[in-house]
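As given in Swiss-Prot:
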type	residues	note
REGION	1-180	region 'Large ATPase domain (RuvB-L)'
BINDING	LEU19, ARG20, GLY61, LYS64, THR65, THR66, GLU127, ASP128, TYR129, ARG170, TYR180, ARG217	ATP binding site
BINDING	THR65	Mg(2+) binding site
REGION	181-251	region 'Small ATPAse domain (RuvB-S)'
REGION	254-338	region 'Head domain (RuvB-H)'
BINDING	ARG290, ARG309, ARG314	DNA binding site
Amino acid sequence: MTRLVTPDITEDDLIESSLRPRALDDYIGQEKAKGNLRVFIDAARKRGEALDHVLLYGPPGLGKTTLANIIACEMGVNIKSTSGPVIERPGDLAAILTNLEPHDVLFIDEIHRLSHVVEEILYPAMEDYQLDIIIGQGPSARTIKLDLPKFTLVGATTRAGLLSSPLRDRFGVISRLEFYTDDELTTIVTRSARILNIGIEPEGGRELARRSRGTPRIANRLLRRVRDFAQVRADGVITAPVVDESLKLLEIDEKGFDHMDRTIMLTIIDKFGGGPVGLDTIAAAIGEERDTIEDVYEPFLIQHGFINRTPRGRVATRAAYEHFGRIAPPSSSQGNLF
């Protein structure tokens, strides 16, 4: 069963592409990144040039794909989208690059998952707008250079640290996307409700935003699920009590925690005395992949002060003990982390 509060894209999310803003003026939040992009886009348009290459990084579900599409719309060009795992061979990338028009945007999601061989092809394409193609094999092999139209590469990643330095250094614009505030998410929920013709009261929107883990993708997904409850049990209007009742039935608490979040936290607290405990040990204890815990679950728990990362492992904070109704051990036993 798919988690309702997963920040990753689900089939349900793909249906509601109408919720994506098409212009920077309609994009809510990320003011710093948005302000910088507006300046760079305006300058590129005035010069009649392609926008410099852009790297967007941050936790999943914060709008990296949406921003890539907005960049193309604001520049008045086409966008071609792909992802790192899909580009398996240099020939795959060459086929994409040679079909670009001048100033087009090439969006590569999960760019940190590009293979080293494919990256080598990308370097001259980004820097010199040239494609090096090797013809033949062995001593008779030769390299020919193909000129490419000047294009903009927009890369998106949740793990910027895994990008190689040569690739990262070729991006002229690097922006980190942050978790959204409750006020920003309330605005997003209200806008989405209007587009979907959902009746929602201000307090209902605020309560829904508060449980959305700082992530617009989750907010929009919860909005659709709560809408179902409202239509069946509350005359179709989303109020704060309707949000509370429906999310309780979906096992999402007032902090936005679901069953997996509680499993991780209670494993650290109950099985390992609050930590420190290694990530591999946690993964084995709950039957989940290490990378999934680190990339999907941990950012939210750390952001809200429920887990501390230490050289010796993960440690549950006093806030975590209080939230789950457990008695915290003396500070000294947790390395004075409280």
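Yeah, the Cβs are placed from backbone N, Cα and C, and that goes for glycine too.
Quick caveat, the model's predicted, so the values are computed rather than measured.
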> If you run the three-state DSSP split on TYR180 (ATP binding site), which class comes out?
Replying inline: coil
> Taking the region 'Head domain (RuvB-H)' (254-338) alone, what is its mean pLDDT?
Replying inline: 82
>> I'm trying to understand the geometry here, so how far is the Cα atom of GLY61 (ATP binding site) from the Cα atom of ARG290 (DNA binding site), in Å to the nearest whole number?
In response: 20
>> Validating a neighbour-count step here. Other CB atoms within 10 A of the CB of ARG290 (DNA binding site): how many?
In response: 14
> Looking at the binding-site residues ARG290, ARG309, ARG314, whose Cα is closest in space to that of TYR180 (ATP binding site)?
Replying inline: ARG309
>> If you count, for each of the binding-site residues TYR129, TYR180, the other Cβ atoms lying within 10 Å of its Cβ, which residue has the minimum?
In response: TYR129
>> Radius 10 Å, atoms counted are CB only; among the binding-site residues LEU19, GLY61, which position scores highest?
In response: GLY61
>> Using a Cβ cut-off under 8 Å and a sequence separation of 6 or more, which residues in the same chain sit near THR65 (ATP binding site)?
In response: SER81, PHE107, ASP109, ALA156
>> The record lists LEU19, ARG20, GLY61, LYS64, THR65, THR66, GLU127, ASP128, TYR129, ARG170, TYR180, ARG217 as binding ATP. What's the largest Cα to Cα distance among them, in Å, rounded to a whole number?
In response: 37
>> Please identify which of ARG309, ARG314 has the densest Cβ environment, defined as other Cβ atoms within 10 Å, among these binding-site residues.
In response: ARG314
> If one measures from the C-alpha of GLU127 (ATP binding site) to the C-alpha of ARG309 (DNA binding site), what distance in angstrom results, rounded to a whole number?
Replying inline: 38
> Just the number: how many Å between the Cα atoms of ARG309 (DNA binding site) and LEU19 (ATP binding site)?
Replying inline: 36
> How far is it from TYR129 (ATP binding site) to ARG314 (DNA binding site), counting Cα to Cα, in Å?
Replying inline: 45
